[in-house]
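Engineer: Handing you a structure now.
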Amino acid sequence: MGQAGCKGLCLSLFDYKTEKYVIAKNKKVGLLYRLLQASILAYLVVWVFLVKKGYQDIDTSLQSAVITKVKGVAFTNTSDLGERIWDVADYVIPAQGENVFFVVTNLIVTPNQRQNVCAENEGIPDGMCSKDSDCHPGEAVAAGNGVKTGRCLLKENSARGTCEIFAWCPVETSPRPVEPVLKEAEDFTIFIKNHIRFPKFNFSKSNVMDVKDRSFLKSCHFGPKNHYCPIFRLGSVIRWAGSDFQDIALEGGVIGINIEWNCDLDKAASECHPHYSFSRLDNKLSNSASSGYNFRFARYYRDAAGVEFRTLMKAYGIRFDVMVNGKGAFFCDLVLIYLIKKREFYRDRKYEEVRSLSFLAGSGIGSVQLGAGPGQGRSRVRWLKPVIPALWEAEMGGSRGQEIKTILANMVKPRLY
């Protein structure tokens, strides 16, 4: 039985198998089969090619540069600063416009601070004390303003007080204003210049219209009827992001400006447009200590005696993040250079092989077919190694090169192989 099984297995190796096709004369089966074929074809044509444009090559490696500029002035009259005009140099940080910038809308000002000893702010838990031993000398106050001196400064008729510290005195104690100091910032304007490039297709574009009339950028504002004006009213940007300007200006926030470039490069370059969207990026948490956006900075001075003092400012404001993304799509020439009959012709035109003169001189290959002179038949002269150096000598004025240059002047057709 075992020998028979082995013999049958060996003989089966020499068997030849072929497929058998059965044509079913059934209209329902045939209709279902054709519907399936039509569905697949429709999917390829409609979805893959027309909707998703699968015949295009995609470039998502967008290169982008953003330049921003804010304009506007505001007038304030406060007890700390008096009457004051605020211009761009005062309320925009950093001064050089980039894709991230900050506009000051509210302030807590602590003027005339000098390095001295004073009481710590009562709102700092680590600065509270009831006796001198609670204030260890030389210890920095956690989340405070200075270094403890070792004294506890008690309030009148109170068993509790604050540690004396060495710091910039007086320390910041003013509460936040109940309304924005720079309310006029709502009418400030933001100029956003964006240059993009799709390196795969060597395509570049800007969101600023190429117009010679300079008054256009001084008078236009971005809006539903003017999508190609890169100047945005600050209050409108906040509204489009779904927030109220007076609320966000009071305690600060973060606004995202997104510029989307989705370009079909099979069309004209004028059909590639930027699309803007706006959103609030920070979490607006009501009655939360972490809501808002603020930081501190100081301006330093010296008095007549040469003693340094400063004005401390706690700035609340709006941070703007300009984000750019997109993709470019262009017809894929895969079919052109690989599938059609004249593919070699198009491939040769698309890809060109260039060899330097030094390579040809070193290899010593090539030929030149010369024209027939008087009394001479067509001759074939081998262009060998000495020719290229001689051409260079001709450029330098050598006699040997001049002879070769004269021969090549009569050349009918050069061939390099």
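The backbone N, Cα and C atoms fix where each Cβ goes, and this holds for glycine too.
TrEMBL labels come from automatic prediction, so no person has curated them.
Copied straight from TrEMBL:
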type     : residues                                                    : note
TRANSMEM : 31-50                                                       : transmembrane segment
BINDING  : Lys69, Val70, Lys71, Thr189, Asn294, Phe295, Arg296, Lys314 : ATP binding site
DISULFID : Cys118-Cys169                                               : disulfide bond
DISULFID : Cys129-Cys152                                               : disulfide bond
DISULFID : Cys135-Cys163                                               : disulfide bond
DISULFID : Cys220-Cys229                                               : disulfide bond
DISULFID : Cys263-Cys272                                               : disulfide bond
Engineer: I'd like to know which of these disulfide-bonded residues, Cys135, Cys163, Cys229, Cys263, is least surrounded, judged by other CB atoms within 10 A.
Structural biologist: Cys229
Engineer: If I take the alpha carbons of Val70 (ATP binding site) and Cys220 (disulfide bond), what is the distance between them in whole Å?
Structural biologist: 15
Engineer: Filter the recorded positions Cys118, Cys135, Cys163, Cys220, Phe295, Lys314 down to the ones within 10 angstroms of Cys152 (disulfide bond), Cα to Cα, kept in sequence order.
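Structural biologist: For Cys152 (disulfide bond), the recorded positions whose Cα atoms are within 10 Å come to Cys135, Cys163.
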Engineer: Of Thr189, Cys272, Lys314, which is closest to Cys229 (disulfide bond) if I measure between C-alpha atoms? They're all recorded positions.
Structural biologist: Thr189
Engineer: With Asn294 (ATP binding site) as the reference Cα, tell me which of the disulfide-bonded residues Cys118, Cys129, Cys169, Cys263, Cys272 is the closest one.
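Structural biologist: So, spelling it out, the nearest of the disulfide-bonded residues is Cys169.
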Engineer: What count of other C-beta atoms do you get within 10 angstroms of the C-beta of Arg296 (ATP binding site), across all chains shown?
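Structural biologist: I get 11 for this one.
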Engineer: Given the disulfide-bonded residues Cys135, Cys220, Cys272, which one's Cα is the least distant from that of Lys71 (ATP binding site)?
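Structural biologist: Considering only the listed disulfide-bonded residues, the nearest one is Cys220.
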Engineer: Sequence gap of 6 or more, C-beta under 8 Å: which same-chain residues meet both conditions with respect to Thr189 (ATP binding site)?
Structural biologist: Val70, Lys71, Gly72, His221, Ile231, Phe232, Arg233, Leu234
Engineer: When you rank Cys118, Cys129, Cys220, Cys263, Cys272 by Cα distance to Arg296 (ATP binding site), which of the disulfide-bonded residues ends up on top as the closest?
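Structural biologist: Considering only the listed disulfide-bonded residues, the nearest one is Cys118.
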Engineer: Using Cβ-Cβ distances, find the residues under 8 Å from Cys129 (disulfide bond) that belong to the same chain and are at least 6 apart in sequence, listing them in sequence order.
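Structural biologist: Sequence-distant Cβ neighbours: Cys135, Cys152, Arg160, Gly161, Thr162, Cys163.
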Engineer: Compute the C-alpha separation of Cys169 (disulfide bond) from Lys314 (ATP binding site), stating it in Å without decimals.
Structural biologist: 15
Engineer: If we check Cα distances from Cys118 (disulfide bond), which of the recorded positions Lys69, Cys220, Phe295 wins as closest?
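Structural biologist: Considering only the listed recorded positions, the nearest one is Phe295.
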Engineer: Compared by Cα position, which of the binding-site residues Lys69, Phe295, Lys314 is the closest one to Cys272 (disulfide bond)?
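Structural biologist: Spatially nearest to Cys272 (disulfide bond) by Cα position is Lys69.
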Engineer: If the ATP binders are Lys69, Val70, Lys71, Thr189, Asn294, Phe295, Arg296, Lys314 per the record, what's the largest distance between their Cα atoms, in Å?
Structural biologist: 24
Engineer: Out of Lys69, Phe295, Lys314, point to the one nearest Cys220 (disulfide bond) in space (Cα versus Cα); all of them are binding-site residues in the record.
Structural biologist: Lys69
